[in-house]
Structures are given as C-alpha cells and as structure tokens.
Amino acid sequence: MPALRPIFHIIGLLLGVVAGAMTLPALLDWADGNDGWRAFAMSATLTLFVGVGMALACQPAGRIALTVRQTFVLTVAVWLFICAFGALPFILGASQLSVPGAFFETMSGLTTSGGTVIVGLEKLPRGILLWRSLLVMLGGAGIVVMAVAVLPFLRIGGMQLFRTESSDRSDKLLPRVSQMAGALVAVYFTLVALCFCLLWAVGLGFFDAICHALTTVATGGFANYDSSIGHFGNPAAEVVITAFMLLGGTTLAIFIRFARGDFRPLWQDSQLHWYFGIFAVFTLSIALWQITINNADPVHALRASAFSVASVLTTTGFATDDYSLWGSYPVVCFFFLTFLGGMTGSTSGGIKIFRLQVFYSVAKVQIDRLMQPHRVILPLFNGRAVAEPIVFSVLAFLTLYGISFGFIALALSLFGQDLVTSLSGAASALGNVGPGLGEVIGPAGNFSTMPDGALWVLSFGMLLGRLELLTVFVLFTPAFWRD
C-alpha cells in the first residue's frame, strides 16, 4: 500500500489555495451588500482549517518524492477533496443545492464540463456566479499541469507519446516539467486576459466579461444566464467566444513555440490539421443543412453552426441555439462530436484528436497488410513510427472508453432516464461536454430534474473522463494496493 502522508500533505496545501479562492466571491458579495458572503466565509474557514491541519499533520521529514502509485492516488484524491470542499458554498449559500446537486455542480466546474443543476442563474448573487467561474479556472489550470506533468509519466492512454524530451533522466525531470507547466499556465492566463479584453470591448459588462473569459478559455461552459451565451444576442461576442473556444481546445504548448518564433506546427503538426479540419467540415456541412433544409439565413447559419460545433468539439458546452431542433443530421453530428474532444495538452475533454489519429493509422496499417502481407508497415503519428506500447495503450483507452460509456448509459436508464437522455448524458459526462441532447439535458435544458442517483453517476463519469479513465480504474485493482 502506498504511503499516504505526502499525499495528504499536498492535498492540504491545495485546500489552502481553494480557501483563498473562496475569499474572492466572499468579498464580492460583501461589497454588493449580499449575505452570501457568510456562506463563503464559513466555507473558506472550514476548508482552510482542514487544509492546514492536513498539511501540518502529514508534513514529511524531507523532500517530497512521490512514487508512481502515490501519484495515481494523489491525482484522484485531489479532485475528490477539492470537489467536496468546493461544494460547500453551493450547500450553504443562496443556491441551497442538495449534497448530490452541489457535488455535481462542483465536479462539473472542476472538470470543465459545464453542465448545471441550477435554475435561475440570473437571480443568484454575483458571488456564486464568480465561484462557478473560479472553479472552472482552477480546474482548467489543474488540467494543463496534469497534461504535461502527470499523465505522460503515468503512461495513461498513450499520453507517453508527449513525454518531455530527455525526461527519463530523473535529474532533469522535475526542473523541466515544472518550467513547462509554469509556461503553459502563463499561456493559459494570457489567453484569458485577451479574451476578457475582447469581450469587454464588444459590449459585455465587466463582470460578465471576466466570468465568461474564464470559462471560455478553460472550455468550461459555465454561463451567468440560463440561456447561456444566447442571452446576450451579441454576434460579435459569439465570434470572440468561438475563436477562444477553439484556442482553448488547442495544444497550449504550440503558443509557446509561436512566442519563440517557431511557426512550424502550422504546417507540421498533423493533430492541429485534423482539429481544424474536423471543425471546418462539420461547421460547413451543418450550415449547408440549415440553409437548404431549414431555410436559415446564410450568415446566421454559418455563425450559429461554427459556435455550436466549436462548443461541442472543444467540450465547452456553451449554447446560443437549441441545435437539437435543427434536424436529424445536425443532431447525429453533435452526438458524434461529443466523443471527439480537442487536442492533447488543452483543457478540452473527450477522446482527443491524437488518439483518433493513432487509431486511424493502426486501422490503415492492418488494411494495407492484408494486401501486402510481407511488407513492413508501421503506424505513424506526425510522420514518426508509433511504438507498440503506445498503440496498445491507445487501443486499451478506446476500448475502456466505449465500455464506460455503455455502463454509464445503462446506469442512467436504471434511474428512469429515456434513451436519448441516457446515451447523450453518458457521452456528455465522459467527454466533459456539459449539455447533452433532447428536451431534458439538451442545450435548452439542464440537469436540475435528474434524480440524486443519476447525478452521482454523472459526477463519477465526469471524473472518469477528466482523469483519462485508467487513472481511476487502476485504484480498483487489488494488485495496486499490494506492497
């Protein structure tokens, strides 16, 4: 069994960060003259007390050096602890959510999913709205760090393909990873600042611009209004948000290379080409459907299609139109897009583009070998051969993804959900997309009518998807806990 003291020490430190974040909405509610600040003050005090207690009681004697098994436990435990304490303001504050509802809302924010159980967002104090955006921000920053510092070294789902060069040398691992993580977080917040400035410039209020910039770049999808981005009726804001959703779904490391004057990824990175190619194909085909079948205005059809495709492809979850009413072809397209996700190293969820590329390459190799059995053919990614362990890891991930999707859908059906809600809810949770399809959880609905059991299932699905499945499943194997 892995030693837990250093794990609890790190969790305690992170709970201190969460407590500090709670002071911001507390101050906002206090400045607004709203009693909601008391809920945040109590939540922050309790979170800080527990965090400091854990950090001090479990402080290791020397430098913290986590094993692989400890890293698995830490990754899952951090999300669960932060989610549990992050839910306190929803339980104690004006939203007065039940424990399952508050846990779902917090998990949705931290995993940048975007689904909500709250009805009447416009009536809530600004502190709660800011807290929802901060949860997405914290989750997005954590995902960026996890993508470069954790998953590649745990060899999860083929992510070892993106290990930092020379990172196998232990003397270089920590400095290089910490520098890379810091640079990625800097890129992340630079995009947030730029998105805020543009949203403010095109007419959004200061508070709305801040909240929606935080949730756009993090591909989180929490909005301040029940009608999401459609509330503003602002075409310019929709264009800005579409652009930054796409940027948020891009590998953030690319922007570091751009900043250094290296623009080779524009013509060398096949994942980037696939990503924007998929966006373009689905946007144009759905817009054409809207124009020819639904007699939509061409400009509006293109803008609405681009926004909705970007929202689902990047797993953001914003909405301007109820695309479940557009017809059969768009509905099937959006259901398919729910599984894809953005690029590796971004805050988006889903399967990820690179895994689709590896799967396509493996399938192509198998077909070619049928016709040329004596020829040596290897699967490729970005022009380089993909090692067999990575191929196996990707295929195992895809298999588990499909099995998990099936079981989550079955579990939702056990709680009385219809076929469309069960299937789209499972796909949405596992892909960290937010809204699903249909009248219940579609772009015009939310998860408020879901029974408590279904909310727990969806919360577990969001955690599974965000932590790339295997990080969670490995904890349920007896061999993991043996010394």
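Counting begins at 1 with the first residue displayed.
From the backbone N, Cα and C atoms, a Cβ is placed for every residue, glycine too.
When the candidates Gly12, Gly16, Gly220 are compared with the K(+) site entry in TrEMBL, which names Thr112, Thr315, Thr316, Asn432, Val433, the shared residue is Gly220. Outside the transmembrane segment (177-201), and at least 6 residues removed from its termini, the chain residues within Cβ reach (under 8 Å) are 137, 140-141, 144-145, 147-149, 164, 167, 208-210, 212-214, 216-218, 237, 240-241, 244, 247-248, 252-253, 255-256, 345, 347.
With a 10 A radius on its CB, Thr316 (K(+) binding site) counts 37 other CB atoms from all the protein chains. The transmembrane segment (326-345) makes contact with the transmembrane segment (237-260): 3 or more of their CB pairs lie within 8 A, with pairs spaced 6 or more apart in sequence. Within 8 Å of the Cβ centroid of the K(+) site, not counting the listed residues Thr112, Gly220, Thr315, Thr316, Asn432, Val433, the chain contributes Thr111, Ser113, Gly114, Thr219, Gly221, Thr314, Gly317, Thr347, Ser348, Gly349, Gly431, Gly434.
Against the transmembrane segment (237-260), the recorded stretches 7-28, 272-289, 390-415, 455-481 differ in Cβ pairs under 8 Å, and the greatest number is found for 272-289.
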